[in-house]
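Peer 1: This is the structure, below, for whatever I ask next.
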Amino acid sequence: MDRSRSSRAASSNQFIRPCGLLTTVILLQTLVSMSLAIEEMSPPPAAPPRPSPPPTVKLNKCCHSGEYLNDGTCIAGSEALWLPMVYLVQQQRFFEPHGASPRFLKFLPNTRPTCRKDQTTEIFRSRGANVMLFPNGTLYVRERALMVQPSDYCVDWEVAVVCLNDSQPINALEDPDYAANPLVQQEPPKASLRLSKCCGKWGSYNTQLQNCDLQPNHQAAVDGLLRLSPQLPEGSYQTSYGLPDCGQPGGYSIAGDWQDAKLDRNTAMLQLPHKNLSAGQYCLEHTQREGEVKIIACQHLFSSAAGAGIHDGSIGGTIEQANGQNLQKAVLTGGILVSIVFLSATLVAGFLLPAVHHALHWRCQICYVTCLLFGKILLAIEELSSSLQPGSAACHTLAITMQFFFLAAFFWLNTMCFNIWWTFRDFRPSSLERNQEALRRYLYSLYAWGGPLLITFVAACVDQLPETTLLRPGFGQLYCWFDNRNLSIFAYFYGPIGLLLCANIALFVSTTHQLTCGLWKRDDVKSSSEKSALGRVCLKLVVVMGVTWIADILSWLVGGPHGVWFFTDLINALQGVFIFIVVGCQPQVWTACRRIFCPRLRHDITNTTNGVQHSSSSQGLPSMAGGTEITQNTTTTTTTTNTTATHMPSNPAEDEVPEKAPIAPVAPIVKMETIC
């Protein structure tokens with residue numbers, strides 16, 4: 001019975017469940033249909049009321065209709081859209097089109113404010129929203145962060161004439177306490193020096209985003225003023241607000257650090273390394289780093305600035321000075337291009353002599369010329385390319401790559417100078433085994449490639465750190481080079497190069513001393529022709545060891561007008577020409593060229609050269625070692641063969657030096673070649 005009772009209960013439950021679900025669905029459908037019917041019968045909600053137009057406000061126009069204000073004088077002719085920008089507070093937008101007048105603004109023509117005795121008249125430019133109007137007629141001057149009543153100003157095309165009180169109220173838009181207590185007064189300093197803060201009263205410059213950060217900055221959160229101590233004590237200057245009026249497209253750039261600049265307190269002119277900025281051409285701004293202040297200026301002022309070793313002149317010069325600077329820049333750029341051609345020819349000349357490719361000095365020479373060639377090419381691209389913009393990835397990459405190749409060139413130059421000095425250090429016979437020469441080659445490569453790579457890697461890593469007290473190189477910020485800060489460019493470029501050049505000069509002095517005081521006094525060198533040839537060797541060493549590069553370091557350290565260093569800059573720009581004269585203008589090179597381009601002469605040249613001189617040492621390199629054939633195996637055995645064929649000397653100095661009787665090879669015989 002229990003089992004039958006339970007079975008009946010289960011069957012009844014199975015029947016009740018679907019019936020209950022069906023009933024629920026029917027009820028829901030009924031409720032939905034009733035709610036839709038009610039919504040259709042109810043009237044639509046009322047639209048929000050349109051904001052009532054503001055009351056009519058009368059403002060002063062400085063000149064008559066159809067006239068505009070220019071240097072305090074009304075001149076016929078005006079623009080249709082002449083009004084400063086009007087900000088509609090309720091709609092939170094500017095009235096469009098910009099320059100047009102809303103209907104609620106009425107203007108009294110040819111009406112200027114009457115300033116009281118305790119007021120001064122000042123004219124403000126309205127470009128870049130420096131001046132804007134509010135619907136109640138209040139004028140906001142962003143440059144001074146102040147509000148002006150309609151009776152104290154007049155407006156015209158791109159200008160506003162304002163009567164300024166001795167003490168102006170704090171900006172109501174930017175100071176939250178002003179709304180609660182509008183009687184708060186801001187006492188400006190009495191100093192006449194006025195410096196502009198770029199990003200407004202409470203903003204700062206974000207170096208990562210490369211724009212203004214309008215969030216309150218901890219350095220300006222107190223009063224929104226510039227903090228320029230210890231260079232300028234507080235109270236010795238006034239703070240205005242806004243970016244400079246460029247007048248040309250192109251935006252703004254970081255011109256440098258405030259700590260590296262010199263300020264003329266009388267004129268507010270700012271002197272940067274090789275650049276002067278007048279008071280209206282720059283502004284200052286704090287960054288997120290404690291104590292750091294950047295100088296921001298119009299980018300077009302630096303569009304012609306140079307990269308490594310080439311400096312721009314002052315902006316505030318005459319037209320003749322500007323033309324002279326442009327001419328000097330064009331000449332130097334042309335010198336760089338000419339140097340590129342001759343450096344390429346030098347590489348070709350070096351590869352025309354496969355017999356000397358094993359020489360260690362030849363390898364150092366080729367690496368030096370190659371690095372200098374690539375550095376010059378990148379510098380020419382930076383000078384001539386108009387598509388490279390500071391801040392771009394291409395500009396950043398170009399700056400890092402150019403630093404590496406220039407550093408590598410000077411490291412290889414130092415290696416080559418050491419190799420020259422090592423060869424001439426005591427004029428004693430020295431022979432290197434093949435494994436010893438290979439070891440020196442590996443050590444040279446490790447030093448000359450590893451040093452620049454390490455310096456460039458450290459500079460690139462420091463430049464990408466978000467927060468650090470280390471010196472940032474600032475690649476690609478202002479130029480496609482360093483950001484023109486003295487300490488950073490010294491630490492990562494001029495400092496290492498200066499040390500290498502000092503070492504090169506010491507090696508040059510030691511080498512020339514060995515040539516003049518050592519070889520000159522030997523019995524081998526007595527005639528005046530031999531001594532003059534030896535003097536030409538020393539002259540070539542000046543080019544080889546990069547002695548003239550020291551002038552580029554001095555021009556950076558001393559500074560001054562660009563014309564003072566024009567001659568030395570031109571010599572360094574044409575360095576490739578001088579290197580080609582020393583290396584490419586060798587008789588062996590011309591002989592190789594004739595052998596390649598004149599096949600009929602190959603047989604004659606081979607016959608004549610086979611009967612002249614044979615040496616057990618490696619063939620000398622027509623290198624930059626002052627025209628001297630530098631070999632590592634200097635112990636030689638020389639035999640002379642008389643030939644009836646045309647004499648083709650392997651050493652052109654033999655045409656100058658009188659023939660001598662053979663002497664015992666106690667010391668190496670230094671063969672000198674004449675300059676081209």
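Positions of Cβ are set from backbone N, Cα and C atoms, glycine also.
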Peer 1: Is Thr512 placed by Swiss-Prot on the same side of the membrane that Gly474 is on?
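Peer 2: Each on a different face of the membrane, per the record.
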Peer 1: From the candidates Cys115, Cys283, Cys298, select the one that Swiss-Prot records as forming a disulfide bond with Cys198.
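Peer 2: Going by Swiss-Prot, Cys198 is disulfide-bonded to Cys283.
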Peer 1: Disulfide-wise, see what Swiss-Prot says Cys246 is paired with, picking from Cys163, Cys199, Cys298.
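Peer 2: Disulfide partner per Swiss-Prot record: Cys298.
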Peer 1: Run through Asn136, Asn607 and tell me the one Swiss-Prot describes as N-linked glycosylation site.
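Peer 2: According to Swiss-Prot, the N-linked glycosylation site annotation belongs to Asn136.
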Peer 1: Near Cys298 (disulfide bond), how many other Cβ atoms are within 10 Å of its Cβ?
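Peer 2: 23, counting other Cβ atoms within 10 Å of Cys298 (disulfide bond).
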Peer 1: Which stretch from 336-356, 489-509, 563-583 shares the most C-beta pairs under 8 Å with the transmembrane segment (404-424)?
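Peer 2: Top-ranked stretch among 336-356, 489-509, 563-583: 489-509.
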Peer 1: Take the C-beta pairs under 8 A between the transmembrane segment (563-583) and each of 336-356, 442-462, 489-509. Which stretch has the highest count?
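Peer 2: Highest pair count goes to 336-356.
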Peer 1: Given a Cβ distance threshold of under 8 angstroms, which distant residues of the chain, six or more beyond its ends, lie next to the transmembrane segment (366-386)?
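Peer 2: 306-308, 310, 333, 336-337, 339-340, 343-344, 346-347, 350, 398, 401-402, 405-406, 408-409, 412-413, 415-416, 448, 479-481, 575-576, 579, 583.
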Peer 1: Closest of the glycosylation sites to Cys198 (disulfide bond), Cα to Cα, picking from Asn165, Asn276, Asn486?
Peer 2: Asn276
Peer 1: Tell me the Cα distance separating Cys283 (disulfide bond) from Cys298 (disulfide bond), rounded to the nearest angstrom.
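Peer 2: On Cα coordinates alone, these residues lie 10 Å apart.
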Peer 1: CA-CA, which of the recorded positions Asn165, Cys212, Asn486 lies nearest Cys283 (disulfide bond)?
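Peer 2: Result: the closest of the recorded positions to Cys283 (disulfide bond) is Cys212.
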Peer 1: Counting other Cβ atoms within 10 Å, pick out the least crowded of the glycosylation sites Asn136, Asn165, Asn276, Asn486.
Peer 2: Asn136
